[in-house]
Amino acid sequence: MAVHGEQWCTIESDPGVFTELIAEIGVKDVQVEELWSFDNETLDKLKPVYGLIFLFKWRPEEDNRPVETDYDMNELFFANQVINNACATQAILSILLNAQDINIGQKLQEFKDFAQLIPPDMKGLAIGNCEQIRLAHNAFARPEPLISDGVSSGVKDEDVYHFISYLPINGKLYELDGLKDGPICLGSCTKENWLELVTPEIQKRIERYSQSEIRFNLMAVIKKLTVSLNEELERLTVRKASIESKLQSKQQQDSAAMDVDDGLPSTVEELQNELATIIAQMQECNNKLSDEEDKLNRWKVENIRRKHNYIPFIVNFLKYLAEQDQLIPLIENAS
């Protein structure tokens, strides 16, 4: 892959990094979660899932699956990867720029409008030359003790990792790989069943790579969980108030209220049982919300530490130890 425009750094493959990167680009209420299992119960807790990202150690391999070259560029945004070290961010953008029901923000929308109808290779160059995206990406640069005039890949030649995206677009399930000539259609799907249909594809990849490589992972781009949990709490609060109101009317023998078809249970016992269930659900939802807020705060602290350059402190500390004639003894004692 060639390098064009400004340099892009290598960034850590971490859901906290990707979540903050997405926010820095200007996208609202989206986060990334790492998937440790791929069962229905796990995925149901994360819905809505906008897309999946699969990370694996890249190696040359033959792939005879046909790619689409005559797709409608108004409907599908596909970019070739032509920028070194931008693979992770490009995989995320493949989902953000194609998924529905996401507020991608004014700047990214302007970029999409500009690049929508240009060829895939030019789209890749446009991504590389988009300052907002590049600055958000490079904010997570790993501090290096020595600065080179050239462009460093940040990884050894044998440790090249690649990211590909999976998501539904207009009733079809797609695999978007910036190293391909075009998108790969995996079949028809709906918003409801695409995760079920993509599971075998990902499992085949995992089985293929697990025979010789364990360094791969799967991440989901989802609606921000704090937003989903707050929406669920609001829904439960409204229903709780409705049940309490009807229960009060029932207990006061308000016959007019009893005749209303409001979708709520009809007897006092049923109302009391549902009220207890909703109160328990609200408590569980509040607990999840608290855990999620703690996790986001932890990610924030971790990202601050990632961005901070500790190298000057370490160098000066080592100099101080040397000046105090303590450095050599410490090295000898450690060996």
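Heads up, the Cβ atoms here are built off N, Cα and C, so glycines get one too.
DSSP classifies C87 (active site, nucleophile) as helix under the three-state reduction. Long-range Cβ proximity for C87 (active site, nucleophile), meaning a same-chain Cβ under 8 A and a gap of 6 or more residues, is found for Q81, Y161, H162, F163, G178. As annotated by TrEMBL, active site, nucleophile applies to C87.
What TrEMBL records for H162 is active site, proton donor. Cβ neighbour count for H162 (active site, proton donor) (all protein chains, 10 Å cutoff from its Cβ): 18.
According to TrEMBL, the coiled coil annotation covers 233-302.
Sequence annotations record features per position, and here TrEMBL assigns domain 'UCH catalytic' to 7-223.
Feature annotation from TrEMBL assigns site 'Transition state stabilizer' to Q81. A coil conformation is recorded for Q81 (site 'Transition state stabilizer') in the three-state DSSP classification, outside any helix or strand.
Residues or ranges marked as site 'Important for enzyme activity' in TrEMBL: D177. Within the same chain, residues at least 6 positions away in sequence whose Cβ sits under 8 Å from that of D177 (site 'Important for enzyme activity') are H162, I164, S165, I184.
The number of other CB atoms found within 10 A of the CB of Q81 (site 'Transition state stabilizer'), across every protein chain shown, is 22.
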